[in-house]
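Novice: According to Swiss-Prot, the protein has these features:
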ACT_SITE  19  active site
ACT_SITE  79  active site
ACT_SITE  151  active site
BINDING   19, 151  Mg(2+) 1 binding site
BINDING   79  Mg(2+) 2 binding site
């Protein structure tokens, strides 16, 4: 004979948001569960601009691998590629390729969102400015001030968006 414990509250989940970039990649990890959302860690992974492209991509891979081993996320959110300037877009696309490969090596399949989807999820307006999104992140995570740097704040916003869209 056995008993089954059925609970309406989901187990806590560590959700990692990633804001891709070659020079600076933002990351933000939250703990989500019945008690709400709590920040775990956030910051940036940087690659020196004076290094060659292969060296920068290797640094991104190694540092992200280490971060994944430390944080052990259950879910990952990733910003979809957004076109800025052609040169910048190519570098971000190369970084995204490394990010996707690194996630796959850690058996993680990211959920992807456009910047407008993230803004809509946090503020209710898909064209909200950076300040409004950062204020929403601070409010949702009960932070005493706006999260910095901007890339880390964006990554936290992506992680929160994963949580908001968990049943869609």
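For all residues, glycine too, the Cβ spot is worked out from N, Cα and C.
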Novice: Report the same-chain neighbours of residue 151 (active site): residues 6+ apart in sequence with Cβ closer than 8 Å to its Cβ, ordered by sequence.
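Specialist: Non-local contacts for residue 151 (active site): 19, 21, 24, 25, 26, 44.
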Novice: Non-local Cβ contacts of residue 79 (active site) (under 8 Å, 6 or more apart, same chain)?
Specialist: 18, 19, 20, 112, 113, 114, 115, 118, 154, 158
Novice: Around the C-beta of residue 19 (active site), how many further C-beta atoms are within 10 angstroms, looking at every protein chain?
Specialist: 24
Novice: Please classify the secondary structure at residue 151 (active site) using three-state DSSP.
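Specialist: The three-state answer is helix.
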